[in-house]
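Beneath this line is the structure, given in structure tokens, with notes to follow.
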Amino acid sequence: MTIMRKNHPLLKLVNSSFIDLPTPSNISSWWNFGSLLGVCLIMQILTGLFLAMHYTSDTATAFSSVTHICRDVNYGWLIRYLHANGASMFFICMFIHVGRGIYYGSYMLSETWNIGIILLLTTMATAFVGYVLPWGQMSFWGATVITNLLSAIPYIGTTLVEWIWGGFSVDKATLTRFFAFHFILPFIITAFVLVHLLFLHETGSNNPSGLNSDSDKIPFHPYYTIKDLLGVLLLLMVLMILVLFFPDVLGDPDNYTPANPLNTPAHIKPEWYFLFAYAILRSIPNKLGGVLALILSILVLALFPLINSSKQHGLVYRPITQTIYWIFIANLLILTWIGGQPVEYPFTTIGQIASIMYFSIIIIFMPMASMIENDILKLHY
């Protein structure tokens, strides 16, 4: 079996990726989130597939079909809530994964990092089009507001929006194409995941010390397979508590009202995992400026490998940058909170300050702190 595992054309790919992969011996539980994201992706594809068997992408029947899934399909309620809350778990894992990458300097593996940013954007797109499918009030108005942002693009904006809508408003054509996008995008994500892993295995994993670990590697199996399995069990436990006890805690009550183009909800807001970006969008009074800030809030991550001036890998031995990093995380939480609040004083002002802080920390304060630390340690080589 050992020979077959190492020589078989298909099995040797699995072997070199998950069994005999040389892995740093000191990677902590923060490195578990990659495998958890893989589990989330597989779970989302499977639950989504079963939901697609019963869902109809037609404005007249979409809302009813979701109700039918929850009421009449065997364990349909379970599949539906696993899918909805699974998306939340997916984003929690993804945010932690990115946060770990920033903390431990994993962005220096630039190809892996850039594919990761593409993955984040694609996942956000998938979640957005998926949120439209139940055809509740927040689905409809979320789709209307967010797609309408494209009209801020000079000259071609309005034409582009109507082209995406397939008409003059969000309607049957929009819902049908969003369902098509929502079905195909997870498979595109899976392809990007394979490229992400390909680039990661070219260089090998980073580790908490930030030092070269070539002299201290252990095989992935059994050490990290068992460690990842523990992570998966904890993830599933949290997910099942969410699904079975608090299935609607992360959703919006407005989405239990069928979509009505004649009645606007009091507060239009996206799912919790988009609130930080939504707060940044709203903090700029100009439409085009807001759209650019929204896009840059994710694309700014691509600057990390370029503006890193530290002579050390990661923040483990850099107390000044560490402090700034945790301020950045707190700032993100403030943005998430503001994104869910109404557009009025003092929330607008707090949102504007937090948005300025978000970009300033990444572009100004972190590089400055790195230079100060280099100077303190006299690392001028």
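Even glycines carry a Cβ here, placed using N, Cα and C.
So that you can see what the record holds, here are the features copied from Swiss-Prot:
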- HIS83, HIS182: heme b b562 binding site (BINDING)
- HIS97, HIS196: heme b b566 binding site (BINDING)
- HIS201: ubiquinone binding site (BINDING)
- 33-53: transmembrane segment (TRANSMEM)
- 77-98: transmembrane segment (TRANSMEM)
- 113-133: transmembrane segment (TRANSMEM)
- 178-198: transmembrane segment (TRANSMEM)
- 226-246: transmembrane segment (TRANSMEM)
- 288-308: transmembrane segment (TRANSMEM)
- 320-340: transmembrane segment (TRANSMEM)
- 347-367: transmembrane segment (TRANSMEM)
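Mapped onto this structure are the features recorded in Swiss-Prot.
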residue	record	Cβ contacts under 8 Å, 6 or more apart
HIS83	heme b b562 binding site	GLN44, THR47, GLY48, LEU51
HIS97	heme b b566 binding site	PHE33, GLY34, LEU37, GLY116
HIS182	heme b b562 binding site	GLY48, THR126, VAL129, GLY130, LEU133
HIS196	heme b b566 binding site	THR112, ILE115, GLY116, LEU119
HIS201	ubiquinone binding site	SER16, SER17, LEU21
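Long-range Cβ contacts of the transmembrane segment (178-198) within its own chain (Cβ-Cβ under 8 Å, at least 6 residues beyond either end) map to 17, 38, 41, 44-45, 48, 52, 55, 57, 112, 115-116, 118-119, 122-123, 125-126, 129-130, 132-133, 143. Taking Cβ pairs closer than 8 Å, the transmembrane segment (113-133) reaches residues 55, 57, 62, 66, 87, 90-91, 94, 97-98, 101, 106-107, 139-140, 142-143, 146, 170, 174-175, 178-179, 181-182, 185-186, 188-189, 192-193, 195-196, 199, 270-271, 273-274, 298-299, 301-302, 304-305 in its own chain, all 6 or more past its ends. Highest Cβ pair count under 8 Å relative to the transmembrane segment (288-308), across stretches 33-53, 77-98, 226-246, 347-367: 347-367. Contacts between the transmembrane segment (226-246) and the transmembrane segment (347-367): absent, as fewer than 3 C-beta pairs lie under 8 angstroms at sequence separation of six or more. Through the fold, the transmembrane segment (77-98) approaches residues 30, 33-34, 36-37, 40-41, 43-44, 47-48, 50-51, 66, 69-71, 116, 120, 123, 127, 130, 235, 238-239, 242-243, 247, 250-251, 271-273, 301 of its own chain, all at least 6 residues removed from its boundaries and within a Cβ separation under 8 Å. Beyond the ends of the transmembrane segment (33-53), by six or more residues, the same chain brings 69, 79-80, 82-83, 86-87, 89-90, 93-94, 96-97, 100, 182-183, 186-187, 189-190, 193, 228, 231-232, 235 to within a C-beta distance below 8 angstroms of the stretch.
Sequence-distant contacts of the transmembrane segment (320-340) (same chain, at least 6 residues past either end, Cβ-Cβ under 8 Å): 99, 102-103, 269-270, 272, 274-280, 282, 310, 347, 350-351, 354-355, 357-358, 361-362, 365-366, 369-370, 372-373.
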